[in-house]
Amino acid sequence: MKNLFLFCRAGFEKECAAEIQQRAGELNVGGFVKANNNDAYVVYQCFEDDAADTLVKQLPLDSLIFARQMFAASDLLVDLPENDRISPIVAALSDVSKAGEVRVETPDTNEAKELSAFCRKFTVPLRQHLKKSGSLLAQENPKRPIIHVCFIGPGRAYVGYSYSNNSSPHFMGIPRLKMAADAPSRSSLKLDEAFGQFVPKEEQEERIRSGMNSVDLGACPGGWTYQLVRRGMFVSAVDNGPMDEKLMETGQVKHYREDGFRFEPQRKNIYWLVCDMVEKPARVAELIEAWAINGWFKEAIFNLKLPMKSRYKEVTAILETMQTILKENGVSDFKVQCKHLYHDRDEVTVHLWLRPNTAWN
């Protein structure tokens with residue numbers, strides 16, 4: 001297959017396109033992008049047949065900022081007959097053998113999601129035919145490739161596969177999180193999603209545990225503080241504004257009515273630093289850099305608000321500058337990840353982990 005299909009948020013196709021063009025080039029996989037505004041997907045068409053397999057194997061999905069999910073894809077199947085959509089799809093997947101799962105999806109747009117009921121019903125007979133053809137195993141297997149069938153409109157679909165070790169575990173790349181009734185704001189879901197995105201399940205018990213000390217800069221009214229409290233942490237909530245009363249009643253939160261840019265922790269035993277402030281992204285990055293250089297935290301999750309134009313260029317420039325500044329100031333052992341999360345809008349979420357191979361005292 002020569003196409004790479006990438007899911008993204010509607011309105012961010014240009015950013016996703018610019019990113020995959022650059023990243024594919026770094027792997028010497030030439031091609032060009034096909035993208036339309038508000039389609040919520042991008043297709044990277046490789047010049048060489050089967051080059052998409054190189055990308056789904058060698059380009060880590062977690063290293064892409066704007067793509068939620070990706071798969072090696074066929075050319076667009078069009079005019080699928082209403083009386084037999086299955087046969088052309090099975091034929092297009094003839095080179096896929098012994099996959100462990102099939103997902104029938106749509107892009108994340110209101111128009112495409114009108115097909116979601118059809119996709120659910122269609123999955124059952126399609127699964128049976130794929131098992132008969134040998135493209136799909138009789139039993140689901142999480143270690144085998146995943147077959148993707150993405151309907152972008154009635155009778156129009158891209159089909160292909162991803163590898164389970166380089167694929168989102170979520171349908172359409174979207175985690176299904178529930179808004180807690182007592183959470184102070186919807187922003188709470190951003191940190192909840194970020195923990196799932198940046199900290200593997202098997203490491204969460206060690207790295208996100210009860211009793212840890214944390215700081216929330218720009219905490220009011222407490223959406224992110226809520227997620228820290230829910231996980232049993234003690235939180236220094238820094239904001240001139242008021243905090244949610246129920247959060248304060250837990251006894252786990254100490255409210256500092258201060259400017260988040262001027263606050264300095266009294267004790268240097270902070271594991272998690274979180275920050276979701278409506279500020280210029282470069283200024284927030286400088287703040288996190290200062291905390292990192294001072295060694296005031298172990299892991300940080302923070303949001304960078306995106307400009308209206310050149311969003312990919314701006315984000316990559318800020319992240320490159322951050323890494324340069326940290327290294328110039330003696331902080332050389334760290335890991336940075338960045339993702340445009342489902343619950344993000346005009347922002348991206350960044351994870352910075354200092355000394356990832358060194359235990360926390």
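Residue numbers in this text run from 1 along the chain shown.
Cβ atoms are placed via backbone N, Cα and C, with glycine included.
Under DSSP, Lys305 (active site, proton acceptor) is assigned to a strand (E or B) in the three-state scheme. Listed in sequence order, Val278, Glu279, Lys280, Pro281, Val284, Asp346, Glu347 are the same-chain residues at least 6 apart in sequence whose CB falls under 8 Å from the CB of Lys305 (active site, proton acceptor). Per Swiss-Prot, the feature active site, proton acceptor maps to Lys305; the stated evidence is sequence analysis.
Look at Swiss-Prot and you will find Ser187, Cys220, Pro221, Gly222, Gly223, Asp239, Asp259, Asp276 tagged as S-adenosyl-L-methionine binding site, backed by sequence analysis. In the three-state DSSP reading, Asp239 (S-adenosyl-L-methionine binding site) counts as coil. Over all protein chains present, the Cβ of Asp239 (S-adenosyl-L-methionine binding site) has 22 other Cβ atoms lying within 10 Å.
Summarising the S-adenosyl-L-methionine site geometry, the residues cited as binding it (Ser187, Cys220, Pro221, Gly222, Gly223, Asp239, Asp259, Asp276) extend over a maximum Cα to Cα distance of 20 Å. Cβ neighbour density within 10 Å is lowest for Asp259 among the binding-site residues Asp259, Asp276.
Fewest Cβ neighbours within 10 Å among the binding-site residues Pro221, Gly222, Gly223: this applies to Pro221. Around the Cβ of Cys220 (S-adenosyl-L-methionine binding site), 20 further Cβ atoms fall within 10 Å across all displayed protein chains. The secondary structure of Pro221 (S-adenosyl-L-methionine binding site), as reduced to three states from DSSP, is coil rather than helix or strand.
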